[in-house]
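Taking it in order: structure first as structure tokens, then the write-up.
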Amino acid sequence: MATPQFPSRPFTGLGRASTVGQQQQQQQAPPHANTYQPPSYGGPSNTYGAGAGAGAGQRDAMARQERERIDRERREAEERAGALDALSEEQREEINEAVNNHIDYHELKVALKALGFDLPKSDILSLLQTHGIPASATSSTHPPASATAKPTFSGPSRLVLPHASFVSIAASRILARDPRDEILRAFELFDAEGKGNINLQDLRRVARELGEGLQEEELVAMIEEFDLDGDGAISRDEFV
């Protein structure tokens, strides 16, 4: 018995085409990109680094200020020693009589004026700012003034000038003064009325104020010694 022959199935290529298409789609399809971006946080190391840098800068500034303070105090001590050596004994006594302790703004102004230096307010404040210390630093509960950093100026009532600093300031100004000005200042002490000459009455008054027991003949002799024009008084030019 013969086996029946079935007609062969025509080739459509669908299966292969489907497979090939799927492969092509897989090849052409771009891979899914990972679009997630982790949030960016400021790293703690940056913050700490900035803080450490600022702290180091402050420490450097404080150290620099301390070095400047030490250098300034050393220079002041050297200048004070040199100035005191150049002063006469009378000038030293005059300075020491003006002040004997820490002085504030008003006392500094009066003391300098007594020495012949009538400074304006701005100059007095500048001296306190440069050489002064806080008034609170003079109490026994605070460290010595030399160990205290120079303050930031906040008003004349908050700063005082140590005696040593005043001596240095006064000595330098006295040495820088013209000797003629020093003589004229002495003349004005005798000529209190500003009349332009020194007469016998002026000498009597000054001798009495100083407690000098000078005789009348001695006072007359002083006038006659310097009275070049014979008018019975010592003029400014004759005194100089």
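In case you wondered, yes, glycine gets a Cβ from its N, Cα and C as well.
Those TrEMBL annotations? Automatic predictions, nothing curated.
What TrEMBL records for 34-48 is compositional bias 'Polar residues'.
According to TrEMBL, the compositional bias 'Basic and acidic residues' annotation covers 61-82.
For 135-152, the entry in TrEMBL reads compositional bias 'Low complexity'.
Taken from TrEMBL, the feature domain 'EF-hand' covers 178-213 (among others). Confidence in the domain 'EF-hand' (178-213), given as mean pLDDT, stands at 88.
For the domain 'EF-hand' (214-240), same-chain residues at least 6 beyond its ends with a Cβ under 8 Å from one of its own Cβ atoms are 180, 183-184, 187, 191, 196-200, 203-204, 207. Here TrEMBL flags 214-240 (among others) as domain 'EF-hand'.
Residues annotated as region 'Disordered' in TrEMBL: 1-83 (among others).
The region 'Disordered' annotation in TrEMBL covers 135-154 (among others).
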Check: Mind checking how the domain 'EF-hand' (214-240) divides into helix, strand and coil residues in DSSP?
Finding: 15 helix, 2 strand, 10 coil
